[in-house]
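Here is what Swiss-Prot records for this protein:
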type	residues	note
SIGNAL	1-21	signal peptide
ACT_SITE	S72	active site, acyl-ester intermediate
MOD_RES	K75	N6-carboxylysine
BINDING	K210, T211, G212	substrate binding site
Amino acid sequence: MAIRIFAILFSIFSLATFAHAQEGTLERSDWRKFFSEFQAKGTIVVADERQADRAMLVFDPVRSKKRYSPASTFKIPHTLFALDAGAVRDEFQIFRWDGVNRGFAGHNQDQDLRSAMRNSTVWVYELFAKEIGDDKARRYLKKIDYGNAGPSTSNGDYWIEGSLAISAQEQIAFLRKLYRNELPFRVEHQRLVKDLMIVEAGRNWILRAKTGWEGRMGWWVGWVEWPTGSVFFALNIDTPNRMDDLFKREAIVRAILRSIEALPPNPAVNSDAAR
């Protein structure tokens, strides 16, 4: 509870301070070393708002503009859709597990919004998708200008196996709107989603993030809030070794953020690892 109150006050201060700063773009080819260390191919976009002269830092600018399936990073906007459409009332509503073994212990249990976000519980979001419907989902996607705004699929979930796609650059643009409560949803819903995204927090910083994995590639997107401003990030990498490559997402991002002092080297005060 203390972390949630601190997070709200922290966000209000940061929003007021950095609403109208200027920004330049800088290619960080030197960040190749972080990808090479983990034998990974991918891109990262980092938007650093801690200074008056804000910076957009990019490794592999070409790939940063290429669209990929959002996979479970889509749970961020999908939760907003579900709240707005009434598919879920609040963070306390319980969704009963149907008893089907889905191969992951975190999925084989009753869920609420917090556990569904933390565990990337697909079956909960499949319930939301069915309740919302494709037509309304398409309207929501266009309304928030999310990637190609295409919720079509011939098989499976449209945010994993379907046509929906988004680039790392577009992920950053979306996250910034959410951070500032500028999306076309109730402010209390945007604040709730941001609360659900908290992964770690220290005395004067908060890390909010979400993983995603489509099978062939994986994401880690989010931001770190500091008193001087926030640092947004969106990474995607190829995952030819599938689950064996998943740890690389967070490892690369954390190494890069620490290299620009956007994450502290010390252990976090509170941690809630997301799959």
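The count begins at 1 with the first shown residue.
Positions of Cβ are set from backbone N, Cα and C atoms, glycine also.
A quick note: this is a predicted structure, and the numbers were derived from the prediction, not measured.
What Swiss-Prot annotates, mapped onto the structure for a quick look.
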residue	record	Cβ neighbours (10 Å)
S72	active site, acyl-ester intermediate	26
K75	N6-carboxylysine	28
K210	substrate binding site	26
T211	substrate binding site	21
G212	substrate binding site	25
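Nearest to S72 (active site, acyl-ester intermediate) in space, judged by Cα atoms and limited to the binding-site residues K210, T211, G212, is G212. In this structure, the residue listed as 'active site, acyl-ester intermediate' is part of a helix by DSSP. Distance from the CA of the residue listed as 'N6-carboxylysine' to the CA of K210 (substrate binding site) is 8 Å. You'll find the Cα of T211 (substrate binding site) roughly 9 Å from the Cα of K75 (N6-carboxylysine).
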